[in-house]
Amino acid sequence: MAIQRTFSILKPDATERNITGAINALIEKAGLRIVAQKRIHMTRGQAETFYAVHKERPFFGELVDFMISGPVVVQVLEGENAIAKYRDVMGATDPSKAADGTIRKAHAKSIGENSVHGSDAPETAAIEIAQFFAGNEIVG
């Protein structure tokens with residue numbers, strides 16, 4: 001398997017409860033390296049651009065409002081099969097359906113406030129990483 005990078009966001013519900021360290025521990029326990037990380041407060045424009053794929057969905061406005069409601073931690077994760085591995089460690093979007101030991105089972109408050117985002121494909125990972133990180137900010 002090839003080394004791959006994926007993009008992660010620790011969402012406002014995670015930063016508000018000061019559980020970013022616990023989430024990072026689960027990420028690292030899964031064998032992923034955090035090769036870039038910064039805490040930011042997304043602007044409305046950043047959130048709308050990031051979630052543009054959901055623009056026509058009824059929850060879009062609520063999602064954008066949530067993502068700008070407090071700080072987030074944006075990250076680049078690296079490892080073998082990183083995209084699938086991170087999606088496994090995140091768990092199902094609905095925390096009640098997430099497997100034991102996953103981030104969402106342990107920490108998500110609801111389907112909407114589910115603590116983390118992870119890229120779903122190599123193409124989206126590249127786009128999402130480029131939205132928040134310059135190449136020299138990623139240090140493997």
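Backbone N, Cα and C define each Cβ position, glycine as well.
What Swiss-Prot records for this protein:
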- Lys11, Phe59, Arg87, Thr93, Arg104, Asn114: ATP binding site (BINDING)
- His117: active site, pros-phosphohistidine intermediate (ACT_SITE)
Cβ neighbour count within 10 Å of Arg87 (ATP binding site): 16
Arg87 (ATP binding site) to His117 (active site, pros-phosphohistidine intermediate) - Cα separation in whole Å: 9
Site with most surrounding Cβ atoms, counting all protein chains shown within 10 Å, from the binding-site residues Thr93, Asn114: Asn114
Which of Lys11, Phe59, Arg104, His117, the listed recorded positions, has fewest other Cβ atoms within 10 Å: Phe59
Cα-to-Cα gap, Lys11 (ATP binding site) vs His117 (active site, pros-phosphohistidine intermediate), nearest whole Å: 7
Coarse DSSP state, helix versus strand versus coil, of the residue listed as 'active site, pros-phosphohistidine intermediate': strand
Pairwise Cα distance maximum in Å, ATP-binding residues per record: Lys11, Phe59, Arg87, Thr93, Arg104, Asn114: 22
